[in-house]
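Database features, via Swiss-Prot:
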type	residues	note
BINDING	His242, His244, His329, Asp352	Zn(2+) 1 binding site
BINDING	Asp246, His247, Asp352, His603	Zn(2+) 2 binding site
REGION	4-72	region 'KHa'
REGION	73-140	region 'KHb'
REGION	181-383	region 'Metallo-beta-lactamase N-terminus'
REGION	384-577	region 'Beta-Casp'
REGION	578-636	region 'Metallo-beta-lactamase C-terminus'
Amino acid sequence: MSFELELKRIRDEIVQNLPPEITVTKIEFEGPEIAVYSESEDVAAIETSSTLKDLAKVMRKRVVFRWNVDKRKDPAETKDYIMNLISKDAEIGEITFDHTRGEVIIESGKPGLVIGKKGINLKEIRTNTFWQPKTIRTPPLPSRTIQLIRGMLKKERQTQKDILLEIGKRIHRPALFNNLNIRMNALGGFREVGRSCILMQTRDSNVLLDVGLNVGNPNDRFPYFFVPQFSIRDLDAVIISHSHLDHCGVVPFLYKYGYRGPIYCTLPTRNLSTMLQLDFIQICDKEGTPSPYSKRDVKNAVLHTIPLSWGKVTDIAPDIKLTLHNSGHILGSSMIHLHFGKGDYNFVYTGDFKYQKTRLLEKATVKFPRVEGLLIEATYGGPQDRIPSRQESEKELKQILNSTLKRGGKVLIPVLAVGRAQELLIVLEEYISSGFIDKVPVYIDGLISEATAIHTANPDFLSSDLREKILHQGKNPFLSDFFETVSSQDERADIIGGGPCIILATSGMLIGGPSVHYLKALAEDSKNTLIFVSYQVSGTLGSRIIRGFREFNYIDWKGRTQLVKIGLKVFTLEGFSGHSSRSQISQFLRRIQPRPKVVIVNHGEESKCVSLSTMIHKKLRKSTKSPKNLEVVLLK
């Protein structure tokens with residue numbers, strides 16, 4: 001069956017299932033959505049919930065209604081109508097119009113007031129203007145990344161519409177084969193931590209799960225793209241579990257070499273990935289090393305990204321449906337559920353996950369519609385990986401901070417910009433405001449402030465407790481006056497020469513960035529303290545210090561090398577990790593519903609992957625595999 005015949009079949013099915021008073025003028029595949037255009041003014045009939053639900057149930061596809069251009073109200077009149085309808089308490093900012101898709105985009109500090117109780121305001125806007133309203137949140141902290149992305153999408157709306165139409169054609173093409181064979185190709189991140197990349201293949205489709213960098217080994221950065229089964233031309237989709245560079249850092253590289261398909265991830269993951277990819281280009285420029293991609297490639301990736309909410313079933317290929325679920329690792333991080341064929345096989349990729357609620361995030365999901373195969377991480381999957389509880393680690397952190405500050409020292413905490421940084425900001429705000437530690441400056445350096453601004457724009461992805469504080473109690477710990485952002489070398493010099501303080505700086509593994517600069521300045525003074533709170537990839541300076549190395553070579557901006565002795569105190573607080581411990585992995589596997597038939601282990605040092613795989617097989621009586629990079633696993 002050709003694409004045109006498939007389009008006609010779907011159109012006929014939609015018309016048959018709509019009320020007779022609704023006139024359909026055009027149907028388009030906009031990416032995974034079917035856009036139905038109408039000239040009917042009887043919006044109430046279209047808005048009837050049973051009609052939409054019944055249609056989606058029959059079609060098994062996402063359907064959105066739009067009105068013809070000549071039916072839409074004048075933009076100026078529509079804007080006036082919205083401003084008169086919505087309370088001033090909603091803090092409406094810019095109102096813009098996407099003429100290519102018939103949407104009015106309303107930016108607001110309080111989107112809930114724009115939406116109204118049970119969506120009443122959105123319904124009023126649709127009924128009276130024939131525009132589809134869409135709300136976006138104004139970040140309480142200004143974000144350069146969000147501003148850049150929103151400006152780009154506003155400028156390139158026709159380009160994005162054209163991209164969606166092309167993606168839609170590929171998604172909704174007829175499947176050629178009835179017999180479903182599924183292969184999982186290990187292209188990176190197997191028996192190692194870094195460059196996560198999994199190629200899922202059927203006879204009809206090719207989908208990549210994560211495309212990451214090897215951050216600990218700049219000489220071997222990329223996944224194994226050279227294998228014969230991988231072809232950029234044949235890729236149907238790329239799905240990103242979360243925004244850390246070892247999972248998303250190579251995405252723009254695909255567009256540099258011809259990929260023109262979609263990226264699926266959550267909205268926070270898109271924004272944070274863009275921030276980190278642009279920063280990676282900057283770091284390469286500063287270090288004088290060639291970047292594997294350009295800002296243009298990052299822009300291309302943004303234009304091809306289709307953000308998804310958790311729990312929303314989405315067609316991504318003729319024989320694959322995707323659903324994202326919370327993984328509890330960092331903001332917007334997701335477990336990836338793939339539904340193959342007509343229920344023939346269901347596969348879950350956990351990505352990095354945390355099966356424990358934290359101050360920042362809810363714990364990972366354990367309930368899925370169906371699961372036959374599970375791919376799970378083993379970062380802390382070794383028998384020796386007994387991570388202390390979060391409460392124990394917070395208590396120890398408090399003691400370390402107090403002892404360091406009382407002896408007049410400074411505390412350096414290297415952190416990844418996304419995840420542990422925000423968790424620590426919440427803890428430190430409570431410690432200082434409650435008087436648990438002395439009121440000293442808390443300096444934030446590197447990308448932390450920008451990443452935190454993106455967190456403030458996405459409260460719906462935060463833990464229920466934190467969301468309640470921010471949205472309903474007006475208490476946002478990220479806006480605390482205790483935190484001071486550092487933005488220049490002069491400010492860093494003042495901090496180093498100043499009194500007791502706490503410094504949060506990137507990078508978390510001491511592979512570059514201001515954290516290395518601070519370490520060089522503070523390292524030899526025994527009054528100071530260095531605290532690690534996140535996983536240190538093998539080969540990084542952070543990993544070497546944890547293993548007992550007490551000196552390192554520091555290269556200054558002129559390229560001169562200096563040997564630095566480490567005399568400060570060093571602590572590791574693994575309880576703040578965003579990864580699950582071995583016991584938490586076991587709990588997850590005992591509680592996941594339904595139980596998978598086969599469990600595959602990745603994302604861990606070789607010994608940990610093998611050990612975890614063996615434990616799961618023996619104790620949980622599951623068929624397990626711990627493949628190496630380049631191995632292929634036949635799932636069905």
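Each residue, glycine too, has its Cβ placed from N, Cα and C.
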**Study point:** C-alpha spacing of His603 (Zn(2+) 2 binding site) relative to His242 (Zn(2+) 1 binding site), in angstrom
**Key:** 14
Review point. Which residues does Asp352 (Zn(2+) 1 binding site) neighbour through Cβ under 8 Å, counting only same-chain ones at least six apart?
Key: Ser241, His242, His244, His247, Ser327, His329, Ile330, Ser333, Glu377, Thr379, Gly578, His579, His603
Revision key, fill the gap. Going by C-beta under 8 A and a gap of 6 or more residues, the same-chain neighbours of Asp246 (Zn(2+) 2 binding site) are Gly189, Val193, Gly194, Arg195, Ser196, Gly212, Leu213, Asn214, Val215, Val537
Exercise for review: Mind looking up the mean pLDDT for the region 'Metallo-beta-lactamase C-terminus' (578-636) in the predicted model?
Suggested key: 96
Revision key, fill the gap. Taking all protein chains shown into account, the Cβ-based neighbour count within 10 Å for His247 (Zn(2+) 2 binding site) is 30
Point to revise | Other same-chain residues whose Cβ falls within 8 Å of the Cβ centroid of His242, His244, His329, Asp352, the recorded Zn(2+) 1 site, in sequence order | key: Ser241, Ser243, His247, Ser327, Ile330, Ser333, Gly351, Phe353, Gly419, Gly578
Review point. By DSSP, what is the split of the region 'Metallo-beta-lactamase C-terminus' (578-636) into helix, strand and coil residues?
Key: 24 helix, 12 strand, 23 coil
Point to revise | Environment of Asp246, His247, Asp352, His603, the listed Zn(2+) 2 site - residues of the same chain whose CB lies within 8 A of the CB centroid | key: Gly189, Val193, Gly194, Ser196, Asp210, Gly212, Ser241, His242, His244, Gly351, Glu377, Thr379
